[in-house]
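S.K.: Dumping the structure here so I can ask a few things about it.
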Amino acid sequence: MDYLWWIVLLIWTLIAPERGTVAQRSKSNVPRLKPSYKEMLESNNLLTFNGLANSSAYHTFLLDEERGRLFVGAKDHVLSFNLVDINMDQQLISWPSSPSRRDECKWAGKDVQKECANFIKVLQPFNQTHLYACGTGAFHPVCAHVEVGKRSEDNTFRLGSSFENGRGKSPYDPKLQTASMLIDGELYAGTSADFMGRDFAIFRTLGKHHPIRTEQHDSRWLNDPRFVSVHLIPESDNAEDDKIYLFFRENAIDGEQISKATHARIGQLCKNDFGGHRSLVNKWTTFLKARLVCSVPGLNGIDTHFDELQDVFLMSSKDPKNPIIYAVFTTSSNIFKGSAVCMYSMADIRRVFLGPYAHRDGPNYQWVPFLNRVPYPRPGTCPSKTFDGFESTKDFPDDVITFARSHPAMYNPVFPINNHPIIIKTDVDYQFTQIVVDRVEAEDGQYDVMFIGTDMGTVLKVVSIPRGTWHDLEEVLLEEMTVFREPTAITAMELSTKQQQLYLGSAIGVSQMPLHRCDVYGKACAECCLARDPYCAWDGSQCSRYFPTAKRRTRRQDIRNGDPLTQCSDLQHHDEADGEAGLLDKTVYGVENSSSFLECSPKSQRALIYWQFQRHGEDHKLEIKSDERVLGTEQGLLIRSLHQKDSGVYYCHAVEHGFIQTLLRLTLNVIPAEHLDDLLHRDPPDTNDPANGKMWYRDFLSLINPPSPNSVDQLCEQVWKRERKQRRQKANLLHASQSHTSQILHSSQSHAKWKLLQENKKGRNRRTHEMQRAPRSV
């Protein structure tokens, strides 16, 4: 068989699915749209800063809406970006470690490039004109003030001249996380406080008070924690009750788990805690912690836990005392890889902190609830001279301090709202790393739109929609967008409601993307409704940003059901007319008894594809059913063996939520097999010709990387034309070569005769003569 057709057969064998009926996989949990990095750039929906040549680790973000700037801490640098466009008006501060510090770090056995540098870990607003920044300082933490000016017009961005010791504010090791927040001139930070990375603590530094921290070397307080975030949440209208909440994960305390495990935690501190008088001096006296549970109940009573807390976002509500907490978790197991998002209410958290304390008791010294008398005031309560008469924690009785020291953990865990995650991902090749949430006003209510970063450089846009009640939520994955040029973990995310933009940080750079891309959903009312994006609605002419104003009553939107038949039924004929006008027409050719693949892929990954066939000269259309010869796939229609009766027009339709859209009209012409010899008539290929080997390789590459659906037809046509051209060129070259050789031979013979005649004339008296020989040209 001709080598080209062997290659065609090989390629179709590779791309064709297994024989038999292929069941449609569930599409409810896949993103409706999945644009690539290139598509995001080409659609002007992504701006990227690809990093500095001598820097990396763009992990620390500080969003300043008033100045319109995004401050980013990286390796040896602090950067300032314009919120409108991160590639416009960039500012840079270089803050490397001193050569002596780098040498000391190197002599300690640390990596010069990855560890012996100043990795910025803390960026907090200090006052109206300055930021407070801290870095690892090549394993010698250092802090300084950064002047940014009072207004953006000041165009000020410079590092202060005085530096402070960063111990208790920034970790020594750049691989360790730090959670920090600057409140009323005091810095609350969860970090490591020693060179070896073993002394983890929650610190309060700066301000007019003495620094304070958690108890040292006591695993009941902290057991090798990894801090995630710090938040101030008011407890009541009385400022004396304000509490600081810390989110972290740590190793389970002995006895909590049979094997070594990680638990997610929430910890609380009173803002007005100044330590004890005789015990716990300069140590927290109001520190309590509880386990955060995010699990899926099992049928056999064994729950599947997501214990690795990765990120936390607080969604503000009308009541500042009761924000909704969104938390991202991953699994600890190396076998089972998954991610989840759970929601928590402050009411449930406060109920746990008012519940029983964890206490070791019994013959096995296991953890049980403490049921004896609890000293007054209850440990964990903030001092208040208004209610309990204690002006400071230094006034607490000794039994309160002693109890607080030995009972920092609560017995009951905090369960998520509805006792179930709102999002679970276990069948994907990525894990969640970051989350931000935006509350969006839609036509039928408010929705929280989640933007979730992954460890593969993608962002998921997800909205939770109530099926019947708010206790039964449906996860709708709108988009999965690639926002970095290569797979890399997203380690920082900030959302600007003013600019309606999302900012993302990673080890290799910073990216910016809009919160909504309504124009990409399509040009029809039905496509806009099918998107179920709370940001978008059909305005009568296009899918555009939805604004909840009384003047725009013609907006069409259905987030809860996504039903285009109810929202756009009166526009169906208009959409169909537009669809017919913009329908893609293609013509392809196939050879009888060979294979052919008709490619058709819908924009929406949730759409189902079906095909119709119309013979030439007929009006009615027949639906194509998959069988042994014809196989429908998600990428198109594969006809294993073409017949003459397969010639005709093929229609590719996408069906989603009852809405049918025609994507492609394709005309297939089948060439009879008896014409094949005439079309492909040529000499057998010379396998010893190196040029022919190159043709084999080029033809093979063209087949395995087709530029278009009918690339095989185009390739065959190119090969036929090329071979005919080569035959003509070969014949012309042979004829020209023969003519040229005859001319040279004739000329050479004439020249030889003339030369011989001249030699005979000159050398008649010579005794010797040279041997006569033909010229080399002959």
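Numbers here mean position along the shown chain, with the first residue as 1.
Glycine too: its Cβ is placed from the backbone N, Cα and C atoms.
The annotation compositional bias 'Polar residues' is assigned in Swiss-Prot to 735-751. Among the features that Swiss-Prot reports, compositional bias 'Basic and acidic residues' is placed at 756-778. According to Swiss-Prot, the disulfide bond annotation covers Cys105-Cys116, Cys134-Cys143, Cys270-Cys382, Cys294-Cys342, Cys518-Cys536, Cys652-Cys716, on the basis of similarity to another entry. The feature domain 'Sema' is assigned by Swiss-Prot to 32-515, with sequence analysis given as support. Positions annotated as domain 'Ig-like C2-type' by Swiss-Prot: 579-668. Taken from Swiss-Prot, the feature N-linked glycosylation site applies to Asn54, Asn127, Asn593, supported by sequence analysis. Here Swiss-Prot flags 1-17 as signal peptide, drawing on sequence analysis.
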S.K.: Pop the Cα-Cα gap between Cys134 (disulfide bond) and Cys105 (disulfide bond) into the table, whole Å please.
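M.R.: Checking the Cα atoms of Cys105 (disulfide bond) and Cys134 (disulfide bond) gives a distance of 18 Å.
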S.K.: Would you report the average pLDDT that the model assigns to the domain 'Sema' (32-515)?
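M.R.: The predicted confidence over the domain 'Sema' (32-515), as a mean pLDDT, is 94.
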S.K.: Tell me the coarse DSSP state (helix, strand, coil) of Cys518 (disulfide bond).
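M.R.: Where Cys518 (disulfide bond) sits, the three-state DSSP reduction gives helix.
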S.K.: Measuring Cα to Cα, tell me the gap between Cys143 (disulfide bond) and Cys518 (disulfide bond) in whole angstrom.
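M.R.: Answer for this pair: 44 Å between alpha carbons.
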S.K.: Around Cys294 (disulfide bond), which residues of its chain at least 6 apart sit with Cβ under 8 Å of its Cβ?
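M.R.: Ala264, His305, Phe306, Asp307, Ala327, Phe329, Ala340, Cys342, Pro416, Pro421 - these are the non-local Cβ neighbours of Cys294 (disulfide bond), listed in sequence order.
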S.K.: Using DSSP reduced to three states, classify Cys105 (disulfide bond) as helix, strand or coil.
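M.R.: Its secondary structure by DSSP: helix.
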S.K.: Using all protein chains in view, find how many other C-beta atoms are within 10 Å of the C-beta of Cys382 (disulfide bond).
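M.R.: If we count other Cβ atoms within 10 Å of Cys382 (disulfide bond), we arrive at 23.
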S.K.: Could you give the number of helix, strand and coil residues in the domain 'Ig-like C2-type' (579-668) as assigned by DSSP?
M.R.: 6 helix, 47 strand, 37 coil
S.K.: For Asn127 (N-linked glycosylation site), name the DSSP secondary structure in the helix/strand/coil scheme.
M.R.: coil
S.K.: Can you tell me the CA-to-CA distance separating Cys382 (disulfide bond) and Asn127 (N-linked glycosylation site), as a whole number of Å?
M.R.: 27
S.K.: Would you mind reading off the Cα separation of Cys518 (disulfide bond) from Cys270 (disulfide bond), to the nearest angstrom?
M.R.: 45
S.K.: Calculate the distance in Å between the alpha carbons (Cα) of Cys652 (disulfide bond) and Asn593 (N-linked glycosylation site), and round it to a whole number.
M.R.: 23
S.K.: What whole-number Å value do you get for the CA-CA distance of Cys134 (disulfide bond) and Cys116 (disulfide bond)?
M.R.: 15
S.K.: Taking Cα atoms as reference points, rank the recorded positions Asn54, Cys116, Asn127, Cys536 by distance from Cys270 (disulfide bond) and give the first.
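M.R.: When the Cα distances are compared, Asn127 comes out closest.
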S.K.: Here are some disulfide-bonded residues: Cys116, Cys134, Cys270, Cys652. Which one has the most Cβ atoms within 10 Å of its Cβ?
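M.R.: Compared across Cys116, Cys134, Cys270, Cys652, the most Cβ atoms within 10 Å surround Cys134.
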S.K.: Given the recorded positions Cys116, Asn127, Cys536, Asn593, state which is nearest to Asn54 (N-linked glycosylation site) when distance is taken between Cα atoms.
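M.R.: Going through Cys116, Asn127, Cys536, Asn593 one by one, the closest to Asn54 (N-linked glycosylation site) is Cys116.
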